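K.L.:
Structure provided below as structure tokens; questions to follow.
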């Protein structure tokens, strides 16, 4: 960062002749995770709804317009943001999702997370509009267990599987299957899920997700992650480590398996590079903090959007550090 711009650009640094968003702790913001709706057609037992207070099938009126979403992304892209992930709620509830994708600036990767129910008929149009790849939530291949976890009506699981097939055919690959592990419900289905994925020959990846501990009522479903990781490592022919969060990938009998720890750890916070946007137009510096949001919903110019992006980045602070985590655990015990 040049000295003569130190006042104006205190939250930016120049890298390869490009200014990038950097928070007060030196963490670059290179990605946006944008919730484009709070509406959903499932009621998953573990859902945190991207930090919103609750899951909802509420009104459309408070959702950001395609124009605002694209304006936010365009401004962020000017300052080094290269990856965008769309989520919800269920993003495919937005009938104008393809319009949003079509107006985006050039980016390294555009992805989305979906429950897959509406994916079958839209996979091709999403790909044509600019979506690069997709994550699909699939916690069980057993219809009864799937219903218990998601609250879905009969026949829903079959729709999701057809959606996965359509996504692969459309080229939204690699498709990542998000499987939240729940003790006593689906933790014994990992091998079955790997068998399901294997015929896709690398076009589908399994992401095993440790339950995020945000509700004491769900603590009984938390798995023994250390035992699981040890088992995966013993079976793997190769283990790779992703630079971000030091997340491990295991190659097991032709299937790529990635283990995703919850966000309530210091490793995640130390490497966090994302800024989140809520469905009603608020910048969320941290998923786990609710009182530092920046309202960008009323922004009507690129300059105003840039100003609000800077403000949100200035409020980014690691929620967990090793010391903070110990203190929080002590408070819980008290």
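If you go along the chain as it appears here, the first residue is 1 and each next one adds 1.
Quick reminder: no glycine exception, Cβ is built from N, Cα and C everywhere.
As the structure is a computational prediction, the values presented were derived from the model and not from experiment.
Taken from Swiss-Prot, the feature GTP binding site applies to 33, 85, 113, 176, 274, 275, 276. Per Swiss-Prot, the feature [4Fe-4S] cluster 1 binding site maps to 40, 44, 47; the stated evidence is sequence analysis. If you look up Swiss-Prot, you'll see 46, 89, 137 marked as S-adenosyl-L-methionine binding site, on the strength of sequence analysis. As annotated by Swiss-Prot, [4Fe-4S] cluster 2 binding site applies to 269, 272, 286, with the evidence given as sequence analysis. Taken from Swiss-Prot, the feature domain 'Radical SAM core' covers 24-256, and the record attributes it to sequence analysis.
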K.L.:
List only the single closest residue to residue 47 ([4Fe-4S] cluster 1 binding site), chosen from the binding-site residues 85, 89, 176 by CA-CA distance.
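P.N.:
Result for residue 47 ([4Fe-4S] cluster 1 binding site): the nearest of the binding-site residues is 89.
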K.L.:
When a 10 Å sphere is centred on the Cβ of residue 44 ([4Fe-4S] cluster 1 binding site), how many other Cβ atoms does it contain?
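P.N.:
Summing over all protein chains shown, residue 44 ([4Fe-4S] cluster 1 binding site) has 17 other Cβ atoms within 10 Å.
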K.L.:
Spatial neighbours of residue 274 (GTP binding site) among the binding-site residues 44, 46, 89, 286, defined as Cα within 10 A: which are they?
P.N.:
286
K.L.:
By the DSSP assignment reduced to helix, strand and coil, which category contains residue 176 (GTP binding site)?
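P.N.:
Strand, per DSSP.
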K.L.:
Going by Cα-Cα distance, pick out whichever of the binding-site residues 33, 113, 272, 275, 276 is nearest to residue 89 (S-adenosyl-L-methionine binding site).
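P.N.:
Considering only the listed binding-site residues, the nearest one is 113.
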K.L.:
Using Cβ atoms only, which residues of the same chain lie under 8 Å from residue 46 (S-adenosyl-L-methionine binding site) while being at least 6 residues apart in sequence?
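P.N.:
The list for residue 46 (S-adenosyl-L-methionine binding site) reads 149, 180, 182, 211, 212, 215, 218, 221, given in order along the sequence.
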K.L.:
Including all protein chains displayed, how many Cβ atoms other than that of residue 89 (S-adenosyl-L-methionine binding site) lie within 10 Å of its Cβ?
P.N.:
26
K.L.:
Which of these binding-site residues is closest to residue 269 ([4Fe-4S] cluster 2 binding site) if you go by CA atoms: 40, 85, 113, 137?
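P.N.:
Spatially nearest to residue 269 ([4Fe-4S] cluster 2 binding site) by Cα position is 85.
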K.L.:
If I restrict to non-local contacts, at least six residues apart, and a C-beta distance under 8 angstroms, what lies near residue 137 (S-adenosyl-L-methionine binding site) in its own chain?
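P.N.:
Non-local contacts for residue 137 (S-adenosyl-L-methionine binding site): 44, 113, 114, 115, 116, 177, 178, 180.
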K.L.:
Looking only at C-alpha atoms, tell me how far residue 286 ([4Fe-4S] cluster 2 binding site) is from residue 176 (GTP binding site), rounded to the nearest Å.
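P.N.:
Just about 24 Å between their Cα atoms.
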K.L.:
Just checking a number: largest C-alpha distance across 33, 85, 113, 176, 274, 275, 276 for the GTP site, rounded to a whole Å.
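P.N.:
Across 33, 85, 113, 176, 274, 275, 276, the two farthest Cα atoms sit 21 Å apart.
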